[in-house]
Structures are given as C-alpha cells and as structure tokens.
Amino acid sequence: MKYSVMQLKDFKIKSMDASVRASIREELLSEGFNLSEIELLIHCITNKPDDHSWLNEIIKSRLVPNDKPLWRGVPAETKQVLNQGIDIITFDKVVSASYDKNIALHFASGLEYNTQVIFEFKAPMVFNFQEYAIKALRCKEYNPNFKFPDSHRYRNMELVSDEQEVMIPAGSVFRIADRYEYKKCSTYTIYTLDFEGFNL
C-alpha cells in the first residue's frame, strides 16, 4: 500500500525518538532478523547486491499470501531472453515487482531500462519488502557525523512508499500466457505470466 504524507511525516517524527527506534528494532529482531539483515534491507532500497543468496534466504522464510497482480519493468538482459521465443521463465535471482503499474512503466521507459517491455503476473506468495524496509528505516541509527539524517530517512521512506515493492524468491517459475501492446507516451509490450511453481 502507498503510505500517506501524514503517515510518513508521523514515522519521521517518531523516529527522532531513540526509544521508538529501539522498539522498532526489537520488533524486527523478534521476527528473526539480525542487525546485518536490517542493514541489507536498507541497502536494497536503492541498490540490490550482486549476490542474491543472502537476500533470498531472508525472503524465503517470510513469504505471505498474495492475490493481487504485480508489475515489473523488464531489463535488457531479460528482453533478450524473451526474444528467443521461450515459453517458460525461471528467475535465477530475487525478483522485485510493484503493485503499481506506473512504477513498471517508469522502469521500462527510456528513463531506466529503455526496453518498453513489462511483466504482468501474479505470485501466490511474496515478501512484503515495503513493510520491512519502512521498519528498517524507522529504526536506523545514523552516524553522528551524518548531516540531516531525518530528512534522509524521510526521502527514503517516500521512495519505498511510492514503489510499493514486493519480492519473490529466486527459482520462481512462470509460463508466458499472453502478450499485448499498451500505449502510454510510447508503445509498451506487456507479457502476462502464469505462475508455475517454486524451483527452490
């Protein structure tokens, strides 16, 4: 879900209180996260690690049911695979997706991947990255020399809220069910995918 401006401002104000940060940190620790994993969640907001194995272990044990359509802008290397005429796609890394179609359009546009290709799919189980990343930001302790930590925290929470990101584990298998054209500023190709299973 997308958080309101008032909710994010409330998170920011409360996160200025050390006791609130400590309470949220304890909540994450009680859910099985360690401090390094909490930092990894924050790192993933802007840049996923090259090695997804650690991230994959984090999300596999925290999947929740999902019945909503997901959207993903397709990067160039995946577009090349699609051009080979395949029917089955197995993701060998953790896959990010959004509940917001416009986020996928942005990533597929010339502003990011410049592929004009999007996936539309459902995954029965997802990791709610948005929820945990917001919590990780709310409990983050910044270096004392870091300037404007609360503004930085707020901007990152805005980004996480806007992207409405979830993740699915590496080894997720989908079948290409359909393909159609979609026009918005430019013409996009949207592939609809049916979930086949987890090859974990």
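The backbone N, Cα and C atoms fix where each Cβ goes, and this holds for glycine too.
Record features (Swiss-Prot):
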- R72: NAD(+) binding site (BINDING)
- E165: active site (ACT_SITE)
Residues that sit under 8 angstroms from E165 (active site) by C-beta distance, when 6+ apart in the chain: S96, A97, S98, I103, F129, Q130, A133
Number of other Cβ atoms within 10 Å of the Cβ of the residue listed as 'NAD(+) binding site' across all protein chains: 23
